[in-house]
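> From Swiss-Prot, for reference:
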BINDING   534-541, 1197-1204  ATP binding site
DOMAIN    157-464  domain 'ABC transmembrane type-1 1'
DOMAIN    499-744  domain 'ABC transporter 1'
CARBOHYD  N244  N-linked glycosylation site
CARBOHYD  N606  N-linked glycosylation site
CARBOHYD  N934  N-linked glycosylation site
CARBOHYD  N1127  N-linked glycosylation site
CARBOHYD  N1182  N-linked glycosylation site
CARBOHYD  N1404  N-linked glycosylation site
Amino acid sequence: MSASPGLTAAAAGPDHLQARRDEKVIDSEKDALAHDAHAVNSGIPYPTATAPNVGAPTVPISVGRVSSAAEGKISRSSIAASSDTLRNSPLEKPISNAFSKSHPYKKSKFDFLKSRKKKEEEERKNKEKEKEASVLPPVSFFALFRFAAPLEIIAMVLGLVLAVAAGSCQPLMTLIFGRLTTSFTNYAVIANQISQGGLTPETSAALQAAKDDLKTQSGHNALYLMAIGIGMFLATWLYMFIWNVTGELNSKRIRERYLAAVLRQEIAYFDDLGAGEVATRIQTDCHLVQEGTSEKVALVFQYAGTFVCGFVLAFVRSPRLAGALVSILPVIMLCGGIMMTAMAKYGTAALDHIAKAGSLAEEVIGSIRTVQAFGKEKILGDKFADHIEQSKIVGRKGSIFEGFGLSIMFFVIYAAYALAFFYGGILVSNGQADSGIVINVFMSILIGSFSMAMLAPELAAVTKARGAAAKLFATIDRVPAIDSASEEGFKPDGLRGEISFENVKFHYPSRPSIPILKGFTTTFEAGKTFALVGASGSGKSTVVSLIERFYDPVSGVVKLDGRDIRSLNLNWLRQQIGLVSQEPTLFGTTVRGNVEHGLIGSRYENASLEEKFELVKKACVDANAHNFIMKLPQGYDTMVGERGMLLSGGQKQRVAIARAIVSDPRILLLDEATSALDTQSEGIVQDALDKASRGRTTITIAHRLSTIRDADRIYVMGGGEVLEQGSHNDLLANENGPYAQLVNNQKLAQEAAAEALQVDDDIEDPDDAVFIGGSSPMQEKDKQLHRAVTGRSLASIAMDDIQAKRAEEVAGEDKIPSSFGLYARLLRMNSADKFIYIIAFIAAICAGMVYPSLAILFGKALSDFEIQDPAELRHALSRSALWYFITALAAAFVIFFQSAGFSRAGWDLNGVLRKKLFTATLRHDIEWFDEERNSTGAVTSNLADQPQKVQGLFGPTLGTVVQSCATLIGGCIIGLCYGPLLALIGIACIPILVSGGYIRLKVVVLKDQRMKKLHAASAHLASEAAGAVKTVASLTREKDVRRIYSEALKAPMKLNFRTSIKSQCLFAASQGLTFCIIALVFYIGALWIIDAKYSTASFYTVLNSIVFASIQAGNVFTFVPDASKANSSAASIFRSIDNEPAINAESNEGKVLDHKHVVGHVRIEGVHFRYPTRPGVRVLRNLTIDVPAGTYVALVGPSGCGKSTTIQMLERFYDPLAGRVTLDGIDIKELNLASYRSQISLVSQEPTLYAGTIRFNILLGANKPIEEVTQDEIDAACKDANIYDFIVSLPDGFDTEVGGKGSQLSGGQKQRIAIARALIRNPKVLLLDEATSALDSQSEKVVQEALDKAAKGRTTIAIAHRLSSIQHSDRIYYFSEGRVAEHGTHQELLAKKGGYYELVQMQNLSRQ
């Protein structure tokens, strides 16, 4: 742009812009290229100075650091000398090389793609190796409870004792089995002897005595079984309740400590840790830890108690037989240890990949407007899917180990049965044992080993908890280099506020090869105001970060009042500083709450609510925020939304300023504090800041030089050093100096106004809009007619419809479809694994039939004990042992396929659900994301948590459920075949168990629904804090965040406590009733044996079948919590997937535009709009704007007047309540949305970049597939955005990682990359929402010229507070309260001397 003092009065269309630009574009580009190349690549300052007259030659200067004695005084001879030196130095080479033919980026498309793919493959392999090397080993079991209170430990120990007691009940049952077996065998022997010898009075009496004895023994043993059942009920109820409650408490403490640990870390830690990863860890990993430290631990001890008690009882009854069988234990332990170690290793690695995906998801969802504007949902979805694919691959490997481990374990267990009968037959034939002892030992081993089948999934949960806890505890135990939680450090009683830098050198830890500050030395005297100006990336914001001690210098010292700030208490230091950042962050609370955050750590922190409110109001008045706050629906108690999204940029900035000054800090740091304000607000707020600066040390970073010209000293920075310093007037005295050049670039002179154009004078009601091109008479007539009939506006009716629809959606969320429908759909969704599921289902059914098969073998073996001949007895039992061995082989085979198959399918389903849910989330319209329940934290939390819960049921757990059902059905069938009447009695009791389990399912489902919402809300708090960690740190809000988060966790804990009493009672009842059913079958069976209705073999076959069936009926409902969580999570996922947004970018409907035929004529006709989340606030009021094709139109006005909303309407983020938006005369609602948005490029006020390379971020703007974009196209876009030379100066060039949210780049660098991203798609319509707000003056000038050039041949609509950037627009619209108050060219509006004229007056730098 011209540096002339005045502005031309002619309308400045694109042709004029181009003609004006052609004069200086070559020199300007050279200036910028030289500036970036030397400031970043070489580190030597290379500012440019251009004389005021147009076309003057560019003169490079090298000033270096200037002493305070020579402030602003630089001789022209030194400039010339340094100029000659630089021209002849090798430092010119990077610039010339950037355009040489041999430049590495000047390759053919084929070579470029080939080399890029090769490099990406190498990087991927290296990252995989690094990931494998960085996988943390699982923590020990006891470490999971490191945060438990002593009373909780006592309760847990009591619970474990009760769990072991409950586990011993089943082995005790085998003791009764053994005694009854002895009685049955003796009775059978007597009955056989009598039948062979004939019935005599003596034998008849003996037979009757045997019957009476058997009947008595059966009655007593049935009572014993019922007593065991009651004991089982009480013990199970108590231990399940204790461990459920303590598990929730333990999880709560881990969540609290993890968040506390995250918030205490130094800022450099967050270069690799995104807020999404924090949310994922808190939801997924903490959920896994909770699963593995609650009732599942008690179940492991119960099943282990059953196992141990069974073996101990076996040793007591027959040491020889038990000793032979105990040989299986080492094999079981070895297999189990290997399996669990492998599962923990691969499980931890898989969770790391999922956490990375969660971090990406948080970035993407937090910038959903940018994603949808560029239509890159698929590309970012694919990147998310890549992380998930890696987790699937790792999870599949773990599945193989799990399958092998379990198959070998069960083979050993079942093979032990064969050993038991083979060796037992020898002992009985030798008279060393009787049948009762053998059966007692056999049943003890059988029940004990049977418990191992149930222990596996519970133990797997504990193993996963150990793996998940590794990463959590690593963060909790990490001692940061800069610890905000430390109480160490000196706390001075008083503070003057003098800040000094002594030879400070600094580079960011993630980019050690790029120096930021190079021996920076200066002193900021107490009570004075200082300003830092200079190019983007010159180190200005780094100075602020070092003062706040976000980082420590690599060398050198930063001092406060002569004391090294590293020796000061960190919280005390930050509490003395008020900071307003370039991109202000507000928290999801009220306006009042946000401002009160500034009182933390001050003397007002514990003041009364009334006193605090008065301080808040005073600060808001000083920050020019009070008036707009009072216009909000609830005033100071209005919720600002996530990250303050319900406020405009300027409104957020003013609230942030109020927050910074409310505590009256001694030091004030303003990093572009007024960058987002309109000129009118800026002037008022700047006056307030000037007033607030009096008596305190103030350091201001500014690109708008109008805000710092009254500073006591101004520092011009470049290349990490001070180029010159002095007061505003002193620096201007050096006409060729860097500061003078910056000022010249920002001059906005006033010329004599021509005859003022009349603004429409026929406005009677200020709330009625009078705009260019208003509604047609017919439209007005229709509106009046409709209002006459309804008494309400079209906008009000439309808003009512929206509100009703939202209420209906919320009400529908509590409805959960049938489980069968959900499960069927989940299986269909994972259809790629249908053969795996089929094989795994068949294998699980076969594994479930093993136990009924054992019942048949058991009955046959028991009848063999009635054989009196020892040799024949050994032969018969050997044959039974052989059948057991064959069954063991078959069981091992099917268990491998069951376990490995379901585990793999579970990981695959997890991946499918995560990808589909993420894709569906990105498809939602912006209105959906505006709702509080769909905040970034909540959505990211659901994305991390819900698929994990579905996998919890559809992994190995589903195999166990299928196996249990097969055992239940198979046992009933076997029982009916061998003894229908007795089996029917037992089967008739099973529905009692089932109904109890069903009631429990309902109770737990309702609990899980409510728990999900409560945990999602708390996860949002954690994600919000992690996403704004610099703001949290600067406000010393760490304790406050922890307190709020802890309060949020109390609600789910209380809910869990109440519901656990009911649900665990029902589970315990199902366990206790099993023994009562067995007692009933036992007693009735004994009576029927006495009556000769059943043989001993038939009785035991039926009994064991029913025993196994009833046990499995009870065990099926062990998985009720898993099923409940899976149900509610699956329902929620499907609701999201099935949701059809009103504005759907994936829809194929609508007219598809041909890019070649799109002209770019944009028109807004009579638009009314209110945000659905704030229906009481009118944002746009009958707005009508016409933008002819190829014109450059600017929108200006106060913050909150509707400018950004207009841009959002053009992007079709929302649909108007009334009126319409058209492109080339076609209502955009009739156009295909993806096709329409492909014609538009958006550059937002706060640029959004994603974790990845610079190349990746620029390519996100391309309309065509990424692989089809040539390097020449990328280069051209970057050159137009004045970022090319900076990129090629980096060690990795376009492949440089930008960090999460672009954290590795300065604000100006991010903005220029965002502009390159917008230009690479060659749009027909260019939307610029404060596109140059984050740029320094030099960069702004060149980028603005690039944007002017880019505007050639396309429609451009720009929002700007810096009027210097839009003064040559074809038309300028001045907004006020959602309507156009003035319109015209720059000179026409100046002539009107209205609102626009006042803005120009405020920005005029020519009046010194």
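Easy rule for this one: first residue shown is 1, then count along the chain.
Just so you know, glycine gets a Cβ as well, placed from its N, Cα and C.
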> Nearest by CA distance to C1201 (ATP binding site): which of the glycosylation sites is it, out of N606, N1127, N1182?
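In terms of Cα distance, C1201 (ATP binding site) lies closest to N1182.
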> Near S538 (ATP binding site), which of the glycosylation sites N244, N606, N934, N1127, N1182 can be found within 10 Å, Cα to Cα?
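Qualifying among N244, N606, N934, N1127, N1182: none.
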> Using all protein chains in view, find how many other C-beta atoms are within 10 Å of the C-beta of N244 (N-linked glycosylation site).
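Cβ-Cβ neighbours of N244 (N-linked glycosylation site) within 10 Å number 24.
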> Rounded to a whole angstrom, what is the C-alpha distance between S1199 (ATP binding site) and N1182 (N-linked glycosylation site)?
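Roughly 19 Å, rounded to the nearest whole number.
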> Between N1182 (N-linked glycosylation site) and K1203 (ATP binding site), what C-alpha distance do you get in Å?
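Their Cα atoms are separated by 14 Å.
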> Please identify, from the recorded positions S538, N606, N934, N1127, S1199, the residue with the sparsest Cβ neighbourhood, meaning fewest other Cβ atoms within 10 angstroms.
N606
> Can you tell me whether DSSP puts C1201 (ATP binding site) in helix, strand or coil?
coil
> At a 10 Å cut-off from the C-beta of C1201 (ATP binding site), count the other C-beta atoms across all protein chains.
25
> State which of the following recorded positions has the fewest other Cβ atoms within 10 Å around its Cβ: S536, N1182.
N1182
> Going by Cα-Cα distance, which of the binding-site residues (G534, S536, K540, G1197, K1203) sits nearest to N934 (N-linked glycosylation site)?
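Closest by Cα distance to N934 (N-linked glycosylation site) among the binding-site residues G534, S536, K540, G1197, K1203: K1203.
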> With an 8 Å cut-off on Cβ-Cβ distance and a minimum sequence separation of at least 6, pull the same-chain contacts of K1203 (ATP binding site), or say none.
L1195, V1196, G1197, D1329, I1359, F1375
> Under 8 Å between C-beta atoms and at least six apart in sequence, can you list the same-chain neighbours of K540 (ATP binding site), or say none if there are none?
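Correct list: L532, V533, G534, D671, I701, M717.
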> Going by C-alpha positions, which of the recorded positions (N244, S536, N1127) is nearest N606 (N-linked glycosylation site)?
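Result: the closest of the recorded positions to N606 (N-linked glycosylation site) is N244.
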> List the Cα distance (Å, whole number) between N1127 (N-linked glycosylation site) and S536 (ATP binding site).
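If we compare the Cα positions of N1127 (N-linked glycosylation site) and S536 (ATP binding site), the gap is 52 Å.
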> Compute the C-alpha separation of N244 (N-linked glycosylation site) from S536 (ATP binding site), stating it in Å without decimals.
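Here the two Cα atoms are 55 Å apart.
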> Please state whether DSSP places S536 (ATP binding site) in a helix, a strand or coil.
coil
> Determine, from DSSP, whether N606 (N-linked glycosylation site) sits in helix, strand or coil.
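The three-state answer is coil.
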> Could you check what DSSP calls N1182 (N-linked glycosylation site) once collapsed to helix, strand or coil?
strand
